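Below is one structure, written out as structure tokens; the observations come after it.
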Amino acid sequence: MEAKNCQERVLSRIFHISLTTGIILILVLKDTELRRACFNGNWLYVAAFLSLCFIGFIFYFVASCMDPGFAEISDQKSIMVTFEKTEHDSESQSDGEDAEESCKILATPPLGGARLRRCGYCAILQPLRAKHCEDCGRCVRRYDHHCPWLGNCVGERNHRFFWCFLLTQCVLIAWSTEITWYAFVHKKAWLAWFLANGFLILQCLSCV
């Protein structure tokens, strides 16, 4: 399972880097607005586009490489201690020091009277809003989904970076599509048009 997950992560990251780099190369090598900006010295335009690509890479690798919020054994121990203190809460309140200690432990994690489940795969007591990911083989706190494009789960810790990555990608795709659209070359014959715009068509398909 671990070897399969590692292979998935490596392949997804290689594919993302290759696809993004290929799109940039097509936009630079073909007669596009980005290429003309390079030759005409419009460095603000070029810098804005490349900076957006770089920011997208950063958000991608942060969301892809960081721990999404895997539930650890320490979480289970904390929950079990909390349950134990809850059962003896009425007795501990008779002693001021014990009552203070109970409040500190009960504050982490905040159960709120909710009933917790034991994971049928990990055999650990799941924290609130945690679910088991069959792809990663672990429970994830505030589990959203497993993203094959990231090769990682989207959970408590990387959820905001995942949305930032999606936002930058949407802007980058829209911008790349606009550059590609105005770079199409008009030809009377279909074959000549296809040969002249083949890479641009591939560029549009890759953006989709």
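Just so it is clear, glycine is given a Cβ too, placed from its N, Cα and C backbone atoms.
Keep in mind that TrEMBL annotations are predicted by a computer and have not been checked by a curator.
Here's what TrEMBL has on this protein:
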DOMAIN    117-188  domain 'Palmitoyltransferase DHHC'
TRANSMEM  12-30  transmembrane segment
TRANSMEM  42-63  transmembrane segment
TRANSMEM  161-184  transmembrane segment
TRANSMEM  190-207  transmembrane segment
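Here the domain 'Palmitoyltransferase DHHC' (117-188) has a mean pLDDT of 89 out of 100.
Here the transmembrane segment (42-63) has Cβ contacts under 8 Å with residues 13, 16-17, 20, 24, 33-34, 36, 150, 152, 154, 158, 161-162, 164-165, 168-169, 171-172, 175 of the same chain, all six or more residues outside its ends. Secondary structure of the domain 'Palmitoyltransferase DHHC' (117-188), assigned with DSSP and counted as helix (H, G, I), strand (E, B) and coil, comes to 23 helix, 14 strand, 35 coil.
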